[in-house]
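What TrEMBL records for this protein:
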type: SIGNAL; residues: 1-23; note: signal peptide
type: TRANSMEM; residues: 275-297; note: transmembrane segment
type: TRANSMEM; residues: 339-365; note: transmembrane segment
type: TRANSMEM; residues: 371-391; note: transmembrane segment
type: TRANSMEM; residues: 412-432; note: transmembrane segment
type: TRANSMEM; residues: 444-467; note: transmembrane segment
type: TRANSMEM; residues: 488-521; note: transmembrane segment
type: TRANSMEM; residues: 527-555; note: transmembrane segment
type: TRANSMEM; residues: 567-586; note: transmembrane segment
type: TRANSMEM; residues: 598-626; note: transmembrane segment
Amino acid sequence: MAFWRSLAFSALLLSLFVHGALCFYLPGVAPQDFQKGDPLQVKVNKLTSTKTQLPYTYYSLPYCPPNKIVDSAENLGEVLRGDRIENSRYVFKMREPQMCNIVCKLKLDAKTAKAFKEKIDDEYRVNMILDNLPLVVPIKRMDADSTVYQLGFHVGLKGQYSGSKEEKYFIHNHLAFTVKYHRDTLTESARIVGFEVKAFSVKHEFEGKWDEKTTRLTTCDPHAKHTVVNSNSPQEVEENREIIFTYDVDFQESNVKWASRWDAYLLMSDDQIHWFSIVNSLMIVLFLSGMVAMIMLRTLYRDISKYNELETQEEAQEETGWKLVHGDVFRPPNNSDLLCVYVGTGVQFFGMILVTMLFAVLGFLSPSNRGGLMTAMLLLFVFMGIFAGYASARIYKMFKGTEWKSIALRTAIMFPAIVSAIFFVLNALIWGQKSSGAVPFGTMFALIFLWFGISVPLVFVGAYVGFKKPAIENPVKTNKIPRQIPEQAWYMNPVFSVLIGGILPFGAVFIELFFILTSIWLNQFYYIFGFLFLVFVILIVTCAEITIVLCYFQLCSEDYLWWWRSYLTSGSSALYLFLYATFYFFTKLEITKLVSGLLYFGYMLIASYAFFVVTGTIGFYACFWFTRLIYSSVKID
């Protein structure tokens, strides 16, 4: 079902893009009006921890289950994120406050006590949803008169009684919910614009025989005006202890309109964002790129003018530089088939990123549409297979290749196969931990169908069309005998120049990379796609220019083996990305478990590999265009 829902979502995205339906709400994001007394169903989502990165279902802990647990329909992105949205026993009535409602009473045995303690140790948080809004805990900032929001509340906490050194585990068993609403003064209907909670640990007491419907608590009794306001008498988590789960609901009218209700959520990490430093960094990169472009234009203009002014063969023979290798510069490289495959895959990724960015900037992939971003990226990658096949076949035919079906198959299979192998290993590790983050077999089948049922055929279609096109003509003829490459200076060593070339593209994105990693691994929202698109454009410019500069120096040194080096020069920025991810792991995260560490480095390896393919392809095409341009601009005798 997840697969078909994903296809429906992609069809909706395409219809929105084609018809420009600016006033259309995405599924699950349309506003819902509630009258006073209408029931509000609270749904529960996964338990999450930044220490383990392993999500679990809400009912993996012995929380009070409803009579029948019903799973909500989830799209492909939600399943891959580990979301498991289910119903709960928390039921409110719109604009009708409730105090000290009893959910259930639970007696802990050794197993359930251990489960709660483990989740408290790993600082797990409970996530809930009301009217598509996630539950947040408001936290007042000490350094400013503002509030930040933490997604979900902690399962419990560890502490000590006064005068004791023994550490105890306490559970948050009383939840004080606050539902904020915006009321329409004409119709008296209201829309929910906020869902907050304060969690307390309370050792509830009662008199007489326990009856869930009639028992009145002495520790929380609205009739006696005795409500929970602190955790001075906390509830311990120990075997044979009884825990009573309770909740309050308060309703607050708000001036925030429904369309702006996500604003507070999306500003969660504003205390960490240093806008000035980000913009300053981008301006420096733009300045450097402009300087590089100016130097290149002036140098090339002088070189081309000088070469075209030569009148005699003797003068030409005395010249050195990039013109001397014109008979070898377009000689097919070693492993040219592999280069074609990587270029085609890079085009596929580039198209996916570009279209995803455009949808995100237009607001179609907001966090309110959970899983939408990942679903869109997967589907777009699949459909961009047609461009991958086209690009690889065009380059392959230029290299005098004849077996276009072989190159199409390798383009369709190689990169997804490598990623899938890593993904299957990681998924097996998650499965072994019984985490909800493990991809179910049904979803796995849907992914395989997307790959072999849609992506592979599209790659073959694109390759067929690309191979039928006339071969790309080189501006100069290639000699039959390769020219000998003179000994190169140390700074023109391939390894050195490739490693140097990746620094500038990485410098264009590393500040933004911090916020992306924080949103992924520290469970925060990321929604500055407009700025991210600007960073992406600067990354493209930087990759292209640094590759062109180093390619020019290489040709001036009479080294014509530029094909692979152009790809690796900007692609080497992926190495710095992985090194930065390693640095981030040891400085910002508190992951201590082996499986969690393997998950982090496994997923960052996949991300770095994809980054290598994208940046390498940008550098390759920039250098390809550059060499064709300069060699078509000079007179070749």
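Just so you know, the numbers here start at 1 and follow the chain as drawn.
Quick reminder: no glycine exception, Cβ is built from N, Cα and C everywhere.
TrEMBL does not curate its annotations; it predicts them automatically.
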Segment proximity, the transmembrane segment (339-365) to the transmembrane segment (598-626), 3 or more C-beta pairs under 8 Å: yes
In contact by Cβ distance (the transmembrane segment (371-391), the transmembrane segment (527-555); 3 or more pairs under 8 Å): no
Within-chain partners of the transmembrane segment (567-586) [C-beta distance under 8 Å, separation at least 6 from its ends]: 339, 342-343, 497-499, 501-503, 505-506, 509-510, 513-514, 517, 521, 543-544, 546-547, 550-551, 597, 600-601, 604-605, 607-609, 611-613, 615-620, 622
